[in-house]
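Listed in TrEMBL for this protein:
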ACT_SITE  Asp13  active site, proton acceptor
ACT_SITE  His41  active site, proton donor
ACT_SITE  Lys142  active site
BINDING   12-18, 40-42, Arg306, 332-334, 414-416  GTP binding site
BINDING   Asp13, Gly40  Mg(2+) binding site
BINDING   Asp13, Glu14, Gly15, Lys16, Asn38, Ala39, Gly40, His41, Thr131, Arg145, Gln225, Thr240, Arg304  IMP binding site
BINDING   Thr300, Val301, Thr302, Gly303, Arg304, Lys305, Arg306  substrate binding site
Amino acid sequence: MANVVVVGAQWGDEGKGKIVDWLSERADVIARFQGGHNAGHTLVIDGETYKLNALPSGVVRGGKLSVIGNGVVLDPWHLVNEIASIREQGVDISPETLMIAENTPLILPIHGELDRAREEAASKGTKIGTTGRGIGPAYEDKVGRRSIRVADLSDDATLEARVDRALQHHDPLRRGLGIDPVDRDALIAKLKEIAPQILPYAAPVWKVLSEKRKSGQRILFEGAQGALLDIDFGTYPFVTSSNVIAGQAATGVGMGPGSVDYVLGIVKAYTTRVGEGPFPTELDDDDGLRLGTRGHEFGTVTGRKRRCGWFDAALVRQTCATSGVNGISLTKLDVLDGFETLKICVGYELDGKRLDYLPTAADQQARCVPVYEEMPGWSESTEGARSWAELPANAIKYVRRVEELIDCPVALLSTSPERDDTILVTDPFAD
Ligand code: GDP
Ligand code: IMO
Ligand code: MG
């Protein structure tokens, strides 16, 4: 049975949530494998909007098992609130439908404070534009071997020892930033208070998934962020603090590399980015404004305006390679309706030479000038199209050119925020 990984192939907000929700009909288990509540995934089902941060997008469908894997960093207070608000929308969430890996590191309030304090203290050019949710500091504690993990919530003595170990690191750091030392007893009390609301969902996820795989169940791995925000392959240091690329799916839940059969890259028909960092095709003209307005490009988590630009085929070809993408889902094609001319970046000029990828050195990235190809737009509407036959000829030409340039086929096409406004070309779950 096929298992599918969904990853963002640009800088996030490509429409992963919508596609994961759509594909979840074909899956038994939906598993998050990295990131945290820096993610903002919006689903629209029969006019009702659901906004998810930490919960896998499969929860809304019902009857599926949703999993938060060990590769995630989890804010337990946020999760409890998110569960409550999604339940208010009529979604059933219980330990039968949601499972959290016992070895998942927690995001504590001190991580968010540190994240925000560093951003405030950053000089011009060094600010990352994080979501301020403590993602970076929580991952630092994980690799620094001083995290408090979900399993630690089950024993008071262990929990207190873990907190003491973490504070040995955090108190001197806070002093340097002019923040008061942590109130140890208050933090421990807060953790003890939340523990009974988290522990019922805790499970050995690696074991459960191994058994499910053996019994032929299908797993849909849900990525957050996008490959250009990957800690290794993104536009470092303007990235998030986890591996975002598809290889992380197995590590992030405790499965082998052979557990992934198909990688679906989610690709927006143009480009957006929230936060700081290089963006070769960024537009600060009327076309950029039009993309932002038509695409409602405002961040789900922070409400920030997303930066907008033309489609960058060189970058997507690169992320399709680093994630081993088998097929893409092209989203928000409808946002391009009505443009007279569309531009696609096919490579860069750097110091008089032509490049077909974005170099790693920051100074070179900054000097890369996009090389564009122009295509005629279309005046007809593609919004809500559910078959190829409904697409204007120039829209089909644009899709075909994208496929050629990124060297990867289109498996799905999305034409509105609504779940069912989706065109299936190749089923990623088909064996
Ligand atoms: P994610 O982080 O990758 O899940 O993406 P977000 O949910 O943050 O942002 C994508 C936005 O575009 C959401 O508001 C979706 O409802 C919306 N969306 C998804 N697919 C389409 C599409 O094909 N057309 C349009 N117009 N909007 C879409
Ligand atoms: P989804 O899953 C877009 C960006 C932030 C910032 C950088 C680091 O909705 O696609 P962090 O808080 O992670 O330390 O911030 O990463 N970022 C995202 N941008 N979509 C996301 O998630 C993002 N998650 C983080 O804006 O530039
Ligand atoms: Mg998003």
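Here the Cβ of each residue, glycine as well, is placed from N, Cα and C on the backbone.
Feature annotations (TrEMBL) mapped to structure.
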residue: Gly15; record: GTP binding site; DSSP (3 states): coil
residue: Asn38; record: IMP binding site; DSSP (3 states): coil
residue: Thr131; record: IMP binding site; DSSP (3 states): coil
residue: Lys142; record: active site; DSSP (3 states): helix
residue: Gln225; record: IMP binding site; DSSP (3 states): coil
residue: Val301; record: substrate binding site; DSSP (3 states): coil
Distance-selected recorded positions near ligand 1 (C-beta under 6 Å), from Lys18, His41, Thr131, Lys142, Arg304, Arg306: Lys18, His41
Thr300 (substrate binding site) to Gly40 (Mg(2+) binding site) - Cα separation in whole Å: 5
For the substrate site built from Thr300, Val301, Thr302, Gly303, Arg304, Lys305, Arg306, further residues of that chain with CB within 8 A of the site's CB center: Gly40, Val274, Phe298, Gly299
Thr42 (GTP binding site) to Asp13 (active site, proton acceptor) - Cα separation in whole Å: 9
Recorded positions close to ligand 2 - of Gly12, Asp13, Thr131, Val301, Lys305, Arg306, only those whose C-beta is under 6 Å away: Gly12, Asp13, Thr131
Other CB atoms within 10 A, centred on Gly15 (GTP binding site): 22
Recorded positions clustered about Gly15 (GTP binding site) [Cα within 10 Å; pool: His41, Val301, Thr302, Gly303, Arg304, Arg306]: His41
Same-chain residues at least 6 apart in sequence whose Cβ lies under 8 Å from Lys305 (substrate binding site): Gly292, Glu297, Phe298, Gly299
Recorded positions clustered about Gln225 (IMP binding site) [Cα within 10 Å; pool: Gly12, Gly40, Lys142]: Gly12, Gly40
